[in-house]
Amino acid sequence: MGTILRIYARDMKNIITNWVALVIMLALIVLPSLYAWFNIKASWNPYGNTRGIAVAVSNLDQGTVMKGKRINVGNEVVQSLHQNKKLGWQFVSEDDALDGVKHGKYYASITIPKDFSEKITSILNANPKKPVIVYTVNEKINAVAPKITSSGASGVVDQISKNFVKTASETIFSIFREIGIELERDLPAIERVKELIFKIEADIPKINRYVNIALNDATKARDIVRNAQGSLPKVQEITKNGMELTSQLSNFLSKGEAVLNKIEPATKENLILLSEIASTSQGIVSHIQNNTASKAEIEKAIMSLQSGVNITDTLNNTLKQLDGISGRQEMMPISQQIAAVMNQFQQEINLLKVVSNDIDRGQQISKDVIDRINGLSSTASNTLNRLVTNYDSIIVPKVQHSIDIAKTSVNNAGQILNQANKDLPTIKKLLNDASKGAVMGINEVTRLKRELPGAETQIKKIANRIRDFEKKENIHDIIQLLKHDVQKESNFFKEPVLLKERQLYHIPNYGSAMSPFFTTLSLWVGAMLLISLLTVDVEDLHIKSYQIFFGRYLTFLTLGLLQSLLVTIGDIYFLHAFVLEKLWFILFGLWNSAVFITMVYTLVSVFGNIGKSIGIVLLVLQISGSGGTFPIQVTPTFFQKLNPFLPFTYSISLMREAVGGILWDIVQKDMLILCLFALLFFLIGIFLKRPINRVSDNFVKKAKESKLIH
């Protein structure tokens with residue numbers, strides 16, 4: 001041990017007392033630091049200074065017209081790039097851009113074609129075409145610049161895409177909002193239609209029953225007409241023999257007078273009943289105007305008006321009969337008014353059927369229809385009220401007068417019978433027509449009955465769909481969804497997912513992040529410089545090989561540690577590189593330097609110049625395979641497999657822990673593996689130095705004889 005320390009002390013003394021040696025030692029200590037500092041500073045913030053990377057932009061877009069509005073997306077892109085400071089955008093012609101890229105004036109160029117706006121708006125056509133931006137890059141100039149310019153070009157395309165999505169979604173959601181507003185406004189009508197469908201569904205059994213009744217009534221009517229047709233020959237026979245009955249007319253007149261006297265009160269009752277029907281009709285008009293009329297109320301009003309038509313027809317026939325008997329036209333003005341009321345009732349029936357159909361279809365009832373119904377109701381009501389009011393003063397005297405005339409007319413019964421005999425062919429024709437009408441009515445009702453089951457199925461299907469929809473969805477929620485804020489919705493679709501970045505071990509700049517690699521590399525380079533300029537041998541033949549090994553090792557170790565102190569302290573206080581754990585950064589640097597000195601010194605001490613070559617080979621392999629610059633996973637398989645066996649892998653990891661934040665389990669693992677590397681090379685130096693040196697002496701001697709190798 002004393003010999004080892006004596007060798008070390010002599011080396012230190014020689015360095016201090018020999019100024020040339022001292023200068024060389026100082027240079028050897030400083031040079032690795034310069035290597036690290038220049039590299040760290042050069043890569044301090046490369047991605048923050050990309051404004052100097054020139055990218056040419058040429059806009060050829062001719063624009064287009066969309067819905068009468070002139071747009072030019074290319075101009076909008078150029079305007080946005082004027083505000084973009086990430087790259088050095090240069091706005092030039094297409095020829096200048098291509099020429100500049102070829103000759104290295106620009107790293108890349110972006111060309112917006114003349115049909116860019118036309119294609120980007122083709123989404124509105126049946127066959128949309130994707131627009132294209134032409135990106136041209138000169139990859140010969142620099143290895144990294146194409147990646148940066150490609151990122152810039154992708155950013156331009158991404159921004160255009162986001163703006164397009166935002167604009168398109170704004171249009172779509174504006175339409176949705178309008179639909180929501182329309183749906184909300186029409187909601188009462190929708191609810192009425194729904195209720196009407198449910199009511200029709202509930203009334204289907206009644207409708208089936210009414211159809212069966214109508215079919216039965218139509219069949220009865222046909223049978224009655226046929227019976228009348230069968231009785232017509234008998235009537236003809238009676239008419240022919242009517243003259244024989246003239247002698248019996250006096251008795252008939254006496255009895256008929258009592259019957260005619262009953263016409264007067266019956267007529268007034270009919271007029272009052274018709275007036276009530278007209279008033280009821282006016283009431284349904286007000287319900288229709290207020291949209292409160294149900295189909296049942298409409299059907300009831302139609303039936304009431306139909307009975308009014310029947311009454312007016314009967315009353316009109318009675319008045320005509322009185323005129324017929326009297327042979328005068330005293331009842332004609334009243335009869336005409338009654339006929340007008342009947343016509344008005346019939347028109348109201350037709351219009352109410354139109355209203356009923358509109359309700360079935362869920363359509364808005366026409367104001368014109370309502371006004372016509374109202375006018376007809378008012379006119380009929382006024383006419384009937386006037387007839388009722390004037391009945392006793394005007395109508396009754398006329399009726400009485402007709403009755404008086406009827407008494408006289410009975411005496412002319414023979415003539416009437418003769419006239420009846422003449423009218424029998426017409427009656428026969430009417431009965432034939434009535435028979436045909438009855439048959440036609442039976443056919444139509446039968447067809448309706450046949451089609452009702454299909455209609456019933458459809459109504460029930462619609463009603464069930466409405467119920468299913470109400471169970472699963474809420475129309476109010478749908479309306480609110482459609483009415484959402486257009487701007488917020490479009491902004492969401494423009495950028496549906498936001499990236500929230502969490503930096504666990506924040507390092508503010510690229511240079512600081514690279515300092516573990518360049519510092520580690522400089523320590524190995526420093527070790528290589530030491531073994532290149534300093535000898536590992538001691539000129540004393542009586543000293544044992546292990547004493548030479550450790551004695552000179554301490555000298556190399558001292559210089560290596562000084563190199564480490566200078567480079568790590570300089571990183572922190574001269575370059576101001578970010579280091580979270582400054583003391584540990586310095587200590588880890590010392591540890592790395594000690595391991596590297598041990599390895600390199602041992603290689604040269606044991607293998608001589610071959611050891612230097614091995615040290616250079618290890619340097620090259622470690623630069624490529626340690627993962628110091630790129631993730632090891634992106635390197636070829638050979639380097640990935642080599643990575644765990646390289647000291648740099650653990651030295652760089654150790655330094656990174658001090659820079660970003662220490663995880664002690666990683667530190668312990670890295671230091672242990674580095675310690676194993678040092679121990680391995682110590683064993684090689686102790687046990688292999690002497691035998692290998694003895695074998696290599698002749699080899700070294702022969703090499704020196706060449707006067708080229710020392």
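Each Cβ is built from the backbone N, Cα and C atoms, and glycine gets one as well.
Under the heading transmembrane segment, TrEMBL lists 16-38 (among others).
Helix, strand and coil residue tallies for the domain 'ABC-2 type transporter transmembrane' (22-160), in that order: 70 helix, 25 strand, 44 coil [DSSP]. TrEMBL lists 22-160 (among others) with the feature domain 'ABC-2 type transporter transmembrane'.
Residues or ranges marked as domain 'ABC-2 type transporter transmembrane' by TrEMBL: 363-687 (among others).
Per TrEMBL, coiled coil is recorded for 445-472.
Annotation comment: TrEMBL describes 517-536 (among others) as transmembrane segment.
Summarising the annotation, TrEMBL assigns transmembrane segment to 556-578 (among others). Residues of the same chain lying 6 or more positions beyond the ends of the transmembrane segment (556-578) and with a Cβ under 8 Å from any Cβ of it are 8, 12, 25, 28-30, 32-33, 36-37, 40-41, 507-509, 511-512, 515, 519, 522-523, 526-527, 530-531, 534, 536, 585-586, 589-590, 592-594, 596-598, 601, 659.
Annotation comment: TrEMBL describes 584-604 (among others) as transmembrane segment.
When Cβ-Cβ distances below 8 Å are used as the criterion, the transmembrane segment (616-639) is approached by residues 514, 516-517, 520-521, 524-525, 528, 599, 646-649, 652 of the same chain, each at least six residues removed from its ends. Annotated transmembrane segment per TrEMBL: 616-639 (among others), in sequence order.
Using a Cβ-Cβ cut-off under 8 Å and counting only residues 6 or more beyond its ends in the same chain, the transmembrane segment (671-688) has close neighbours at 546, 549, 553, 591-592, 594-595, 598-599, 601-603, 605-606, 647, 650-651, 654. Positions annotated as transmembrane segment by TrEMBL: 671-688 (among others).
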